[in-house]
Amino acid sequence: MYRDPEAASPGAPTRDVLLVSAIITVSLSVTIVLCGLCHWCQRKLGKRYKNSLETVGTPDSGRGRGEKKAIKLPAGGKAVNTAPVPGQTPHDESDRRTEPRSSVSDLVNSLTSEMLMLSPGSEEDEAHEGCSRENLGRIQFSVGYNFQESTLTVKVMKAQELPAKDFSGTSDPFVKIYLLPDKKHKLETKVKRKNLNPHWNETFLFEGFPYEKVVQRILYLQVLDYDRFSRNDPIGEVSIPLNKVDLTQMQTFWKDLKPCSDGSGSRGELLLSLCYNPSANSIIVNIIKARNLKAMDIGGTSDPYVKVWLMYKDKRVEKKKTVTKKRNLNPIFNESFAFDIPTEKLRETTIIITVMDKDKLSRNDVIGKIYLSWKSGPGEVKHWKDMIARPRQPVAQWHQLKA
């Protein structure tokens, strides 16, 4: 009897069955790889979306006093920079820094519905803020309109009592000028290095700007601390609806700076304690817990951990860090770190505490920072002084995280 050589024995798998099994196995492998790749892309894009950035030109610190910058606003409405400042280097995309976009965006939504009556030098519009808010300094500027030339003039003169944003106890302030709701076009002053009471005396012209459109705008000034190697830190902001200002002549204002719209409150808070032991020449920093941390991942959460840097005379001395708390916006750490600090070096010592969001597949994100020293912000200075006044006792305090 003839037997088909292709026929399989009853217990053995046929060629077709083996082929189908191989195809299924390969398909499952490809599917798993694609799912993993999609998850990685989704997480990475999610972080970028949460921290969407706009490109900004670097302020030129070499410009002279009293110089004018002009933006020509044609009837079509788009602003074009037509008058470069002498000595200013051209903007180069490769030499631009990034800044949070949310401050200006949030302000457009909140201010267009709140047109408050203002008078030059008046500060009554800020009374509702309460006297307990942090002092961010104040700024002096002038604004007026030339009807013959259809030009709005803004002069930024000076600022006083700005807070220190650098761990060296100073700031490098400059000012951005917007006419909201236009967020795309802006003008900037030069940077004043290491100066908490800067004088700019710079004049800015918005040319070809019909008066009926000017009164629909909000003059917005944002003071920032320039950082050459990272994002600039917002110091404070001021806004004035131009339909509430007499623009027939130059009006001069002194206005207190308010927290920027993307301010520190949205980043969360950190509870920590400091314990100073003068006989042992040491400070113990206890990172206790955080609350309401900013969500950095697309899933609406973060993987926070805390870095603690000991600085002496602007130089890094020692770093410690906590464990990472997965998917937690209200983590509890309870981790202590001891630092050796001789008494005679206390005055030049700064402790920088940074809350980070851990990311395995990309660079870790900064959620917020705290600078502790005798020359930091009011809340930080109070904690530092309380620590020294109560030796060998842990002194705990909540701190707002800052950009």
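Each Cβ is built from the backbone N, Cα and C atoms, and glycine gets one as well.
For ASP166, ASP172, ASP225, ASP227, the entry in Swiss-Prot reads Ca(2+) 1 binding site. Using a 10 Å radius centred on the Cβ of ASP227 (Ca(2+) 1 binding site) and all shown protein chains, the other Cβ atoms total 14.
In the three-state DSSP scheme, ASP233 (Ca(2+) 2 binding site) falls into the strand class. For ASP166, ASP225, ASP227, ASP233, the entry in Swiss-Prot reads Ca(2+) 2 binding site, with the evidence type sequence analysis.
Under the heading Ca(2+) 3 binding site, Swiss-Prot lists ASP227, SER230, ASP233.
Residues or ranges marked as Ca(2+) 4 binding site by Swiss-Prot: ASP297, ASP303, ASP357, ASP359, ASP365. Other Cβ atoms within 10 Å of the Cβ of ASP359 (Ca(2+) 4 binding site) number 16 in total over all chains.
The Ca(2+) 5 binding site annotation in Swiss-Prot covers ASP297, ASP357, ASP359, and the record cites sequence analysis as its basis. In the three-state DSSP classification, ASP297 (Ca(2+) 4 binding site) falls within coil.
Residues annotated as Ca(2+) 6 binding site in Swiss-Prot: ASP359, SER362, ASP365. According to DSSP, ASP359 (Ca(2+) 4 binding site) is assigned to coil rather than to any helix or strand.
Here the domain 'C2 1' (135-255) has, by DSSP, the following mix of helix, strand and coil residues: 7 helix, 65 strand, 49 coil. Here Swiss-Prot flags 135-255 as domain 'C2 1'.
As annotated by Swiss-Prot, phosphoserine applies to SER52 (among others), with the evidence given as a large-scale study or a structure entry.
If you look up Swiss-Prot, you'll see SER61 (among others) marked as phosphoserine, on the strength of a large-scale study or a structure entry.
According to Swiss-Prot, the feature phosphoserine maps to SER119 (among others), an assignment based on a large-scale study or a structure entry.
Residues annotated as phosphoserine in Swiss-Prot: SER122 (among others).
According to Swiss-Prot, the region 'Disordered' annotation covers 75-106.
If you take every residue in the topological domain 'Vesicular' (1-16) and average the pLDDT, you get 53. Marked as topological domain 'Vesicular' by Swiss-Prot on the basis of sequence analysis: 1-16.
Note: the Cα of ASP233 (Ca(2+) 2 binding site) and the Cα of ASP357 (Ca(2+) 4 binding site) are spaced 19 Å from each other. Here the candidates are the binding-site residues ASP297, ASP357, ASP359, SER362, ASP365. The one whose C-alpha lies nearest to that of ASP166 (Ca(2+) 1 binding site) is ASP365. Taking Cβ-Cβ distances under 8 Å and a sequence separation of 6 or more, the neighbours of ASP172 (Ca(2+) 1 binding site) in its chain are ASP166, VAL191, LYS192, ARG193, LYS194, ASN195, ASP225, TYR226, ASP227.
Between the alpha carbons (Cα) of ASP303 (Ca(2+) 4 binding site) and SER362 (Ca(2+) 6 binding site) lies a span of roughly 13 Å.
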